[in-house]
């Protein structure tokens, strides 16, 4: 291998390969130079050596020299081929001079150089009758240290914090969190929210301390205080109105059903004798029903939550054979007063009509988007994840606005369009390569147009912080550096000019001189345009003075739009003149750095188009400048039943798990519609017009899908009985879901704990000690998804005990003095209300609030009789029993285990990746003439990509939950999962790059040449099928927690054979006489040639990334090899045979 003249003896050449443009990549170790079976391996370099390392170009291997024996690989059967052997064809470079596609295809083979895949065919062609036959290679050795370092680099931010179960860091963590809460409350709007929630509680609490009011409300006057806690006023006006309506209706429903149960149990003498069984039946049916509704329709959470408390009170409080109807009013009237008080405070005390959450989301999104335009990027992975999270949060903010009543200047329809346009901008920013050190030779020009010099100083190689220009902050902290090199390009620092030959050096300088200034001006205009949009929208929301941006940011959107359009026109002119410049090379195959520069600047120009559309929409909204208006909920009703507002999502707990499961169910529904829509092409292309050759959906689906299609199709000829049977089966099958499991758990636990209420021997202490609160706490603590871990159990039980003890102390400190009790309430409830309404532990917060209120005001209502101590410990014991029962049952029956769900989620994402890969290949790569992707196809793909991005965001959040679970077998290792998530996301981003590149480039010359297309069909099929089979096997192994087979079909070989065969076709002058001359000249100055590089690079990247997926999956579930040979058994058999032969003699 030839090297540059500048190579020194002590520094080996450094070989750098491509990486995706969407995220940070790094070299976890240097290249290791080992010669095992003719392969190239990486050798570790020190940082100083890496800076001085030289780079060499990897050349394609000689086509005619076999580099591995046929015994190392299994192929199918062969027949004589009419085409000549590859050894007689020569290399593509010698056979096809001047063909840009030939050189471009082979320029990517350097990614697969170390696979030893070149085989001499000796003029024999493999025939398999159209079936896929994978090739299996000997697995390469895995560098586990390197693998784990990559995975550690990709860990979510949550894993950088101290472990939540660490005993040593418990007290320092609590102190740190306490200081953070104080800072947040005193400096942000969180203090106002806390003040609103606490004010409602404290006013209600003081009213219950007034003797006349307390006596008028009855024994359970504290229900008014509980009402102010459950639907506290620390939310938007629309959410408060919605919550008041749902909680009142829920309480009325629970009281009504309970009253009906009491009436039935008191209707006859026989019913009176068995009133306990009647009440138990009514309670069982109602709790099961509301528990199912709680899981099916999240929007009804407040309704069913209050209904469950009300039915428990009605059927279990003050139970006796004689019905006391007054207790219904003792619950309903205080609840109404509590809701009225919350409603009044929410509307009068710093009201939030719904515009602020939207303003916060918009302001944060614009800040992240402006950060995405900085050159160069220092933390590309962090920024990529921030952009993905912003993409998701914009949808959530838009949904929250449409769910409730709002008073705002933004029309919901305008917000919908605005959301779509901003997501389009983010989507375009995700494809930028902003970590590229653009145009090293022209630093002065960049400095003139807004780029800081300390960001780019090629002459010194360091920035002003003393960190190497190729290392970034991540490397300075011991983290690996990013790599964006293609083949032998080092884009992270200035390439020595001696590595460029004369034509490449001239081309780089030409591009830099033409596009440096327009690109920098375009970046500056886009950033200032986004700042102007941010200022205008925040002005319209009315929160600019609280949130930003500062007044120095201009709101002149018209001027920003004019400036951006002028900059775009200037860029287009310079680009057009550059493409027509005769000094530009006719082909770019031998100028990889030229291609890299074009692939850097052109996406920036493309990103300016959605920014322009966003500016137009913001200008339109600014010109209308509507006044404050009331908007009713406009979200679709059926979808609205599956969503709820932000505060309810927080208060019900399990936000992360809820987001994850909803994202997965949405993806499953979408993918179900895509899984069986593929129609394979007929084998005989000559008879494609024959209708008998068409393949319908019924030919590609299973029996269950066929039955569903027949039963649900109104035009089908199936009988009514058949349709009825299928629909009845579908209902019964639906009842097997987690919803009915949760309903079953709730019904069983609440019924069993309620038994003492109706037995004569236990009824006395049950009523005296208000033990029915144990059933209420079960209902409060049960969650459809997240049952709680050991830490949650201890925390919630501790809050119950703390609230009961503090409530007893509040009354016993001065024998029920109302002023002393108010002081105790203020001291305890301020942090506890914050924990419920704003912290990450709302359920422990609500049990702490309820336990204090029930004990303190219960003692006040009974005048401390029989004793405060007895009141405190009996109520506290009931609270603890309810909490423990709920958590333990969730542990035993269908528990939620985050690490198991994480493994299943990764299995699903691999399956989804295979479906998307198949769709991209079918729609954007190997489509037939006349079936080009339409605008609707592109929009559908972008929508699906957005959901996949949300899926990766939710899976990373789910992985953070594994830190809170205790694992008896040992600590859970998140590193392989982190690496697999990152690898799967990179595979997905490669597919996005393929789709985007295919819009500019398509290998139509293969489709136009019928003979070439026919010869490529088998190679294309193998390349696609190998990837699909690998993904399917890996997904199945993760789903079933089974080991991965040691040998899998080699997608790398299939990809390389496809590229080799394409090169052979392009190298034949007879077949490419027209295409090779006219077409190559015609395309040489088009963007298609440039994007063909990105297109091929991305497809090859999918293959390379698949290897990482295999490695991390094997790290998780293991590898299934051959059974070990039992040598003892052979020795025993040999001895037996020897003894038999000796006896015979």
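Including glycine, each Cβ sits where the backbone N, Cα and C put it.
Which of 222-242, 243-263, 369-389, 390-410 counts as transmembrane segment depends on TrEMBL, and there it is 243-263. Per TrEMBL, the stretch carrying the note transmembrane segment among 778-799, 844-865, 932-953 is 844-865. Long-range Cβ contacts of the transmembrane segment (198-217) within its own chain (Cβ-Cβ under 8 Å, at least 6 residues beyond either end) map to 223-225, 227-229, 232-233, 330, 333-334, 337-338, 341-342, 345, 349, 818, 821-822, 825-826, 829-830, 833, 849, 853, 857, 860-861. The helix, strand and coil residue counts that DSSP assigns across the domain 'Integral membrane bound transporter' (765-889) are 98 helix, 0 strand, 27 coil. Sequence-distant contacts of the transmembrane segment (819-837) (same chain, at least 6 residues past either end, Cβ-Cβ under 8 Å): 181, 185, 193-194, 197-198, 201-202, 205-206, 209, 229, 232, 234, 647, 650-651, 799, 803, 806, 809-811, 813, 844-846, 848-849, 852, 856, 860.
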